[in-house]
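Peer 1: Take this structure, written in structure tokens, and hold onto it; I'll ask about it next.
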Amino acid sequence: MSRTFDFIVIGAGSGGVAAARRAASHGARVAIIEQARVGGTCVLRGCVPKKLLMYASRHGAALAEASDFGWQWPAAPEFSMSHWARAKATETARLEQLYRQLLADSGVELVPGRARLEAGGEIVVGQQHLQGPHILLATGASADHSLIPGAEQAAGSDEVLDLQRLPGRLTILGGGYIAVEFASILAGLGCAASMRYRGDLPLRGFDPDIRRRIATSLQQQGIALHAGALPQQVTRRADGWQLHVGTGSETTDYLMVALGRRPNTAGLGLERVGLELTAGGAVPVDAQLQTAVRGLYAVGDITHRKDLTPVAVAEGRWLADRLFAASERPPPSLQHVPTAVFSLTPAASVGLAEGECPPGTAVYESDFRPMRLAFGTSRERCYLKLLASPVDRKVLGIHMHGNDAPEIIQSLAMAVTAGLSKDDFDRTMALHPSTAEEFVLMGKPKRYLC
Ligand SMILES: Cc1cc2nc3c(=O)[nH]c(=O)nc-3n(C[C@H](O)[C@H](O)[C@H](O)COP(=O)(O)OP(=O)(O)OC[C@H]3O[C@@H](n4cnc5c(N)ncnc54)[C@H](O)[C@@H]3O)c2cc1C
Ligand SMILES: NC(=O)c1ccc[n+]([C@@H]2O[C@H](COP(=O)([O-])OP(=O)(O)OC[C@H]3O[C@@H](n4cnc5c(N)ncnc54)[C@H](O)[C@@H]3O)[C@@H](O)[C@H]2O)c1
């Protein structure tokens, strides 16, 4: 016997929980199916634990900076990964419990188990059968280790975040968000890190000045960068890994793969309902987040468009409002999504990168030594960039590499979303002394794009 709901959500991660709770708040009868812990990637093995590890690393760097300002310790400080692992487990357990409570308080029924779609749209979870007019796929994505032969058994970010002890030498394959963040964080915790990636610079898709500066600051942290040098094969050894690169080879204690993520669609039964995937294995959706199958929707990483938590959450809520509150609000725009890379010196961006702007775009820049480091010898710089339209001086993009970049760019994302111009920035009073004031004090353009 099938139980009937108004809305059935598969996956209790960022997008699924947001959609389920919002739908229930509109009076819908909602079930959410989860095969593992409640909370999903962001809370349990992504944004949150990653940032907690970033703080561990950042605190170490801050100790060194503090000594330049007069603080002294009797002995050199040491980092304990097992201490961090215990504290992280406690915090993620607290957050999972919070998510469970929020679902219960909203009246959403949590159905534990792995969901499978049957022909006709019925959902099977173990012995249970569920059906309803609206089904949401929100099963996220997982690390893809299939690119390099032999790398299937290597660690991904999930395994690194579960380590009890840090490796001595570590090689990271990839040059995207995860690779850059983990290389910087782990180097800050004392690992001898190296990175191997396909392109000439890390962070494809980011503004070229940010990419160059990130590469420099990773090198200043002591990370060896091997551009255009992914191994063609890797081999597990008793004491670590062997990487076969070109005609040579090298060894490392620990191998981490960060070569992108693949949507979690295996075993979902999508073929039974006639749903075809993209070449990259994602579920295609239209602007209304509707798949090609009537009544079947998808949000978040399973659609593999902008794999960021706020996007999954905004899409989940928007869909629930449309389906159960007759909202006619347009879907969340993916045009001005702010984003950050949480390396020890972080980078953040909103809007267009230089290569996406039209000819004549004015490029404003500021590059300085942060006051925080005035007494030390660190070579860290702070870089700010603003791109303004040649037509109406509208701000097209803002990019920053420097401490507090994620916090500053989040605020400036409002200015870009609102369509403010360089003149609006010019008439904004500065807050002194701050890093962010440089964004309203940029005098003349450094150059114009050809
Ligand atoms: C290391 C790392 C760091 C990140 N850092 C950031 C960051 O700083 N900022 C940011 O915005 N984004 C970050 N992200 C991306 C972010 O975590 C994802 O974009 C976000 O979690 C996607 O949410 P989702 O709802 O689509 O999927 P998820 O949160 O992954 O949830 C999917 C859920 O579905 C469940 N599931 C899968 N298959 C089934 C099934 N058949 N039946 C039942 N349940 C199923 C899974 O167990 C999971 O709980 C990071 C990702 C990683 C890996
Ligand atoms: N701070 C954040 O917001 C944050 C942090 C981590 C992850 N994320 C999200 O999770 C997603 C996944 O992170 P990621 O680092 O795994 O992915 P990514 O897309 O950022 O990076 C993947 C890396 O693998 C490389 N790659 C992909 N296909 C390749 C191929 N065929 N050959 C050689 N190299 C190849 C890419 O060039 C890139 O260097 C990100 O895109 C992002 O949306 C966000």
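Note: Cβ is positioned from N, Cα and C throughout, glycine not excepted.
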Peer 1: Can you match one of Gly107, Gly246, Gly248, Gly260 to the NAD(+) site that TrEMBL gives for Gly174, Gly175, Gly176, Tyr177, Ile178, Ala179, Val180, Glu181?
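Peer 2: Checking Gly107, Gly246, Gly248, Gly260 against TrEMBL: the NAD(+) site match is Gly260.
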Peer 1: Given the recorded positions Cys42, Cys47, Ile178, Val180, and counting only Cβ atoms in the protein chains shown, which has the most within 10 Å of its Cβ?
Peer 2: Val180
Peer 1: Helix, strand or coil: which one is Gly176 (NAD(+) binding site) in, per DSSP?
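Peer 2: Once the DSSP labels are grouped into three classes, Gly176 (NAD(+) binding site) ends up as coil.
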Peer 1: Could you check the binding-site residues Gly174, Gly260 and say which one's CB has the most other CB atoms within 10 Å?
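Peer 2: Of Gly174, Gly260, the one with the most crowded Cβ is Gly174.
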Peer 1: Write out how many residues of the domain 'Pyridine nucleotide-disulphide oxidoreductase dimerisation' (337-440) are helix, how many strand and how many coil, based on DSSP.
Peer 2: 29 helix, 31 strand, 44 coil
Peer 1: What is the separation, in Å, between the Cα atoms of Cys42 (disulfide bond) and Gly176 (NAD(+) binding site)?
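Peer 2: Cys42 (disulfide bond) to Gly176 (NAD(+) binding site), Cα-Cα distance: 17 Å.
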Peer 1: Tell me the Cα distance separating Ile178 (NAD(+) binding site) from Cys47 (disulfide bond), rounded to the nearest angstrom.
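Peer 2: Cys47 (disulfide bond) and Ile178 (NAD(+) binding site) have their Cα atoms 10 Å apart.
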Peer 1: Taking 8 Å from the centroid of the Cβ atoms of Gly174, Gly175, Gly176, Tyr177, Ile178, Ala179, Val180, Glu181, Gly260 as the cut-off, which other residues in that chain fall inside it around the NAD(+) site?
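Peer 2: What remains near the Cβ centre is Ile172, Phe182, Pro202, Leu203, Ala258.
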